[in-house]
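These come from TrEMBL:
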COMPBIAS  666-686  compositional bias 'Polar residues'
DOMAIN    232-283  domain 'Cation-transporting P-type ATPase N-terminal'
DOMAIN    327-458  domain 'P-type ATPase A'
DOMAIN    1047-1220  domain 'Cation-transporting P-type ATPase C-terminal'
TRANSMEM  105-125  transmembrane segment
TRANSMEM  288-308  transmembrane segment
TRANSMEM  472-495  transmembrane segment
TRANSMEM  1024-1042  transmembrane segment
TRANSMEM  1048-1067  transmembrane segment
TRANSMEM  1088-1110  transmembrane segment
TRANSMEM  1135-1155  transmembrane segment
TRANSMEM  1167-1189  transmembrane segment
TRANSMEM  1201-1220  transmembrane segment
Amino acid sequence: MRLETRDFTGESGGNSDRAIPTTSTGTDHEDHELSFIIGEINEDESIDATKDTKPLLGNMSKMAVNVVNTLENQSNLPSTQNVYLEEEDLNIILMGYRLRRFRTYIYYILCFLTGGSLFLLARWIPKIWIWWVGNACSMGKAEFVTIKNQWGEIAIEYVSRKYYGGTISSVFSVDQLDEEDMARNNSNPDELLHNLRYFDHRYIRFIYHPGIGKFLQNSYWKDSSWTSTKVLKKGITRAVHDERKVIFGPNIIDVQEKSALRLLTDEVLHPFYIFQVFSMILWFLDEYYYYAACILIISATSVITTLIETKQTMHRLREMSKFVCDVRIFRNGLWRYSSSENLVPGDIFEISDPSLYVYPCDAVLLTGDCIVNESMLTGESVPVSKLPITDISLRMMDLTAVNVRPEIAKHFLFCGTKIVRVRKSKSNIDGIEDEGSALAMVVRTGFNTTKGSLIRSMLFPKPNKFKFYRDAFRFIGILSLIAGIGFFISTINFIRMGVNIHLIIVRALDLITIVVPPALPTTMSIGTSFSLARLRKAQIFCISPARVNIGGKLNVMCFDKTGTLTEDCLDVLGIRCTDRTKNKFSDLHTYIETLSNLNPNDMSVDIEPSTKSDFSPILYAMATCHSLKLVDGKLIGDPLDLKMFEFTKWLLEESVQNPSRPPSVTGISNDSTSSLRHATPNSMVGSGSIVPTVVRPPGSRKFDLSDLLDNDGEGKTTPFLELGIIRTFEFVSSLRRMSVLVKRLRSPTIEVYVKGAPEVMREICKPDSFPDDYDELLHYYTHHGFRVIACASRSFDKLNWMKAQKIKREQVEQDLQFLGIIIFENKLKSGTPPVIEKLQRAKIRQIMCTGDNVLTAISVSRECGLINKNTKAYVPRFIQGTSITPRSEIVWESLDDPKDVLDSKTLKPLIQPTSDCSNECPMINSLDYDLAVTGQIFARMSPDEKHELVEKLQLMGYCVGFCGDGANDCGALKAADVGLSLSEAEASVAAPFTSHTMDIGCVIEVIKEGRAALVTSFSCFKYMALYSIIQFTTVSLLYSFASNLGNFQFLYIDLFLILPVAVLMGRTEPYPRIHPKRPTASLVSRRVLTSLIGQILIQSGFQIFVYLLIRKQPWYKPPVIDPDDKNIVCFENTILFILSCFQYILIAAVFSVGPPYRKSMHSNAPFVLSTIFLALITTLILLYPAGFIRQILELKVIEYYFRWYLLFIAVLDFIVSWLMEKYVFDLIAQWIGNLMGGNVKVHKKIYKKIQNELDRI
């Protein structure tokens, strides 16, 4: 095998042929297996910057080239660097080394002399190789870098060098440097960087910064000139493109697919396969040819099957990730078609090209607008609208952040997302001689994109640090220790009996292969495999199988509200406008027709008499204040906006790209054109992009040019009314509102309509515009679970179109007139209450975290049963300051009685007892966890705050699940121990689990399957461990007189008994109900150890009993010991073989755990039938063995009565084992616990300590 560090252009790096071990990193990507290569070492090869290389950027004057070597020659630079990969939540430590070439040659010689043993040892423990051949040095002089993460995994990457010749600022941006680096950096950004030194780890490129002596990620790079869209539209030159191609490589997500030989080598060199190879060699030496040949065939089949599956999986992943298309690029002032591989950050390309259907990179939209489907990234099936980026947003764009901020995301085009619709811009573009195109600028390419991050998360999942797996490998260590003791005792015994040295070594080593079964890791994953198959049948898909077992330990389940607990679509209950004469709300308008006959007293906005119509201003707000788009005649957008607009029954039209086609219209008719866009060239809407969206009421006639000349409108029987949306300020979660600027035809004013949360209207509306019963009515609707949206408006008399495009949001959203409220019904999903009830019975804590109002959240919680309807709920109210001011104070008041408050320190009632607390304050103090322990409802939570809540719960020791729709919950879904996204996409970056069933019933399935898989893993582990000990006992007893099991006896046990039983015992389905007590996840718990040790003693005791019993029989004849023979055919061998066969079967039945986590063993028909069949076959071998059976299995004929006696002992063994497992071992475990710690239980988890402290207060 050969390691080549390649740059992204496919050229070999300067230091490609070196002998180092490496892990699944860089461009080769081995699956977390350490590998070793031996290649040529060129003594003349150097990392020195003076090595001749062909310039990539053309000829430069030597006088103009200032090579940066600020820190290169400093010897006091540290050789260690700490890096936090935020997008992968990974802490890594980089260490720089140079090769000791003489020691490397010595290493090669030792590998040869040890027959490859040193090679394998260094492959499995790379620290050995690093210690021997590496010499620590500064990063600037490093030839290779070791990368160690927080889990102790070590990767080794070579540092490659390539001639560059560009400036430092073209490689590193200011955003990449922290304050400490800025202080250390004594290089000039305009200095030329002669050599580019880099390495690739996990498809992330790290480039050496000579000014600070560190390696920096190039994925965080941002051009300092990205401050003005006008400048960006000019594109980049060929020279700049060549520069950036060197830095970022080709724009392609190409997962390196290993060759079949490489995969085979990696699989065979795994420690367990090496152990199997060692075992087979041992068996061949011991003349167990048949057994060794069968194991060889099984192992080879397993390796080939794994190789094929891995190859197919990698091929599918490569095909899914790799995408290349032709794009129209603007470069060097000219348009040209080129492959998307050639895109680099800063390139301008056309997204309105009809052949483009998927975005090939991360980009920002410059001109035009589009609608995209981002379900692959978020799991959200609702298409998302994208708008051209502004200069302010461009300057705010932070590429070092893990997630793109919401205010930037509306301009951001993510790689891999599908294009639903693109509308071209009809305005002239500075610097580009091509009109009518929608343009975007490349921001990130290749694996630096969001899609690249998704692929990396699939390639490099976090290692499973579940307690069960950690304990399992510790237990294997204990078994190895037992094997070592057996090896020592057997060796002494064989020497005492005079057995030849060859047989002593072979037999003693054979004990190790018996005690540590090579198939143990595979057997432990059987339960997970069956659970995954059942989940797939239930339309629940998983991209992280290790999370299945973790699902069995969940004790907190967090839910989003809208779209998760409740229906995604809200229904409009009605509208309540303001009545100026009474200064109160009007009656509830449940039909839109009641808003058409305008009451002059309801007018909140001054409208020119010439443009007045019989509609209420709140109706205008509902018709215009949204982000709906029209695709193929169908409205798409936020479900709330859709319901609101559908309630108005108005028509929506969008701008026309092709004049030969009719405009897109939704509504009753499709025969009108957009008058606001096509009235006259000199009208206020001149070009096609000025008014992209127009709305008008049903039945309104289309606009005619004569309307502008006929002021009286005589002869016109049908009125016309059109509202053009000339600018939209999108919804921002921090502001909790959106607004639009609207122009009405023949009106000199521009009107502003705002909709948002009722709480924020106080800040932006005139106080005297609110009705007197505002708080009372708001309290009523929110307490009864309704979603309330408030609307407001104002008019600008002297605001033309140009000024409207430049006006700031703060100027628009102030001094507004309150119009009224829209009341939405948010119905519960039918499956929500039963699931909540099941979780409560299982004592799994449920938490609602929502961005909605706290009162609405409480109402929904009561309706679904998350909190009892009679439970007192306490909500916080600021009595001093706000959530963002220092030294602010809150008081916790009862929802029903404001006089009933909680003590601010203990959260205990000062008057009456309480049950639950609800938290509207999004900020959770890192030292005060009481809210996270006692709170059930967390309202007004932003996506980041949901993520923070999950992390706080985990920090306290909870095993946290999160269920959401994937749209705004990506952070929380990824942070949770078990994240479950309700989505139609089969897999997304949002969560490890994705459910096609759009209700929370999937949570129950994941928990049940998780518990079943966890219990199955325990059962399989205990069974395999006991199988090893039973066989170890049998062989040890036979070794006492130099005997052993026969060739076909081993075959019968391993292939015909163990294999089908171990596989089929994992097929038992989960129990229908979730038990309040969670299954243990620790193999070293008292209950598990008591069971395991107890069964070992029982089975060993029965074997020793029959071993002694047979020797006391009158017909017994001692075996004639031949030190040079196997001595297989004897009475001891026969009875121990048959009894152990019964033990393998009965232990499988004893360890096949049923309720409360799995169904009864009887429900698993294949397992029951197989155990009965195998028991009958073994009984037949005992009672009536045929001659050829006796000969093949090398059995000795024993007296007939003793056969029945042995059968009785086997039945007695089963009864004792079953009774002890079911009734006695748990009592013994409790007694041991009381003996060790008494009745005082010391809680290690923070949340349990807090609960105890709160209970004592």
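Note that Cβ sites are derived from N, Cα and C of the backbone, with glycine treated the same way.
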- prompt: Over the domain 'Cation-transporting P-type ATPase N-terminal' (232-283), what does the predicted model average in pLDDT?
  reply: 85
- prompt: Okay, the transmembrane segment (105-125) and the transmembrane segment (1201-1220): do they have at least three CB pairs under 8 Å, pairs separated by 6 or more?
  reply: no
Task: Answer yes if the transmembrane segment (1024-1042) and the transmembrane segment (1167-1189) have at least three CB pairs under 8 Å among residue pairs 6 or more apart in sequence, and no otherwise.
output: no
Distant-in-sequence neighbours of the transmembrane segment (1167-1189), which means Cβ under 8 A and at least six residues beyond its ends: 1056-1057, 1060-1061, 1064-1065, 1067-1068, 1138, 1141-1142, 1145, 1148-1149, 1152, 1161, 1195, 1203-1204, 1206-1207
Message: I need to check the long-range neighbours of the transmembrane segment (1048-1067): which residues 6 or more away from its ends have a CB within less than 8 Å of a CB in the stretch?
response: 288, 290-291, 294-295, 298, 519, 523, 526-527, 529-530, 1016, 1019-1020, 1023-1024, 1027, 1031, 1128, 1133, 1137, 1140-1141, 1144-1145, 1148, 1151-1152, 1164, 1166-1167, 1170-1171, 1174, 1177, 1192-1194
